[in-house]
Amino acid sequence: TDQQAEARSYLSEEMIAEFKAAFDMFDADGGGDISVKELGTVMRMLGQTPTKEELDAIIEEVDEDGSGTIDFEEFLVMMVRQMKEDAKGKSEEELAECFRIFDRNMDGYIDAEELAEIFRASGEHVTDEEIESIMKDGDKNNDGRIDFDEFLKMMEGVQ
């Protein structure tokens, strides 16, 4: 399927080989599939930490025929999905750290003055008009300041 081709293109040959080795360890009968019960164990072995709820959701999505087993291609799709989720969570933590640094007075918001300070500190020359424009773009609820959710939305466009 398209999903399977996309999953393979996201991974290096080494990663695919590593995933295959882990998968094969649990494919006891060599039939080319593993049970959903074994799935969590394999994922943890490969450095993923899915919760019970995440595993249930993953299994529901991946085990389309309801057989209770997952083949290697379905497994690859699922691992890539999990890796992307983990990466997203990490970048959100990094953005939270940035937000705390920018929010000089620690009131939970970035105002125009704090935004201007950020640019000045980075050696970037920006006019008051540019600051105003950035504030207007980021301040979705028009309260004159940028909260964390607005900051995340702003940064999505940057990455």
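Counting begins at 1 with the first residue displayed.
Cβ atoms are placed via backbone N, Cα and C, with glycine included.
Positions annotated as N-acetylthreonine by Swiss-Prot, on the basis of similarity to another entry: Thr1. Under the three-state DSSP scheme, Thr1 (N-acetylthreonine) falls in the coil class.
Look at Swiss-Prot and you will find 14-49 tagged as domain 'EF-hand 1', backed by sequence analysis. For the domain 'EF-hand 1' (14-49), same-chain residues at least 6 beyond its ends with a Cβ under 8 Å from one of its own Cβ atoms are 8, 55, 58-59, 63, 67-72, 75-76, 78-79, 82-83, 86.
Residues or ranges marked as Ca(2+) 1 binding site by Swiss-Prot on the basis of sequence analysis: Asp27, Asp29, Asp33, Glu38. For the recorded site, Asp33 (Ca(2+) 1 binding site), the DSSP three-state label reads strand. Other Cβ atoms within 10 Å of the Cβ of Asp33 (Ca(2+) 1 binding site), summed over all protein chains shown, number 19.
Summarising the annotation, Swiss-Prot assigns domain 'EF-hand 2' to 50-85 and lists sequence analysis as the type of evidence. Mean per-residue pLDDT, taken over the domain 'EF-hand 2' (50-85), amounts to 81.
Here Ser67 (Ca(2+) 2 binding site) comes close to Asp33: these same-chain residues lie at least six apart in sequence, with C-beta atoms under 8 angstroms from its C-beta. DSSP gives Ser67 (Ca(2+) 2 binding site) a coil state; it is part of no helix or strand. Annotation source Swiss-Prot lists Ca(2+) 2 binding site at Asp63, Asp65, Ser67, Thr69, Glu74.
Shown for the domain 'EF-hand 3' (90-125): DSSP residue counts in helix, strand and coil, namely 23 helix, 1 strand, 12 coil. Among the features that Swiss-Prot reports, domain 'EF-hand 3' is placed at 90-125, with the record citing sequence analysis.
The annotation Ca(2+) 3 binding site is assigned in Swiss-Prot to Asp103, Asn105, Asp107, Tyr109, Glu114. Non-local contacts of Tyr109 (Ca(2+) 3 binding site) by the CB criterion (under 8 A, 6+ apart in sequence, same chain) comprise Asp103, Arg145, Ile146, Asp147.
Marked as domain 'EF-hand 4' by Swiss-Prot: 126-159.
Contacts of Glu150 (Ca(2+) 4 binding site) defined by a Cβ separation under 8 A and a same-chain sequence distance of 6+ are given as Gly138, Asp139, Lys140, Asn141, in order along the sequence. Residues annotated as Ca(2+) 4 binding site in Swiss-Prot, with sequence analysis given as evidence: Asp139, Asn141, Asp143, Arg145, Glu150.
If you look at the domain 'EF-hand 2' (50-85), the same-chain residues 6 or more away from its ends with a CB under 8 A from one of its CBs are 1, 3-4, 6-8, 10-11, 16, 19-20, 23, 32-36, 39-40, 42-44.
In terms of Cα distance, none of the recorded positions chosen from Thr1, Asp27, Asp29, Asn105, Asp107, Glu114 sits within 10 Å of Asp63 (Ca(2+) 2 binding site). The recorded positions recorded for this entry are Thr1, Asp27, Asp29, Glu38, and the Cα of Thr1 lies nearest to that of Asp65 (Ca(2+) 2 binding site).
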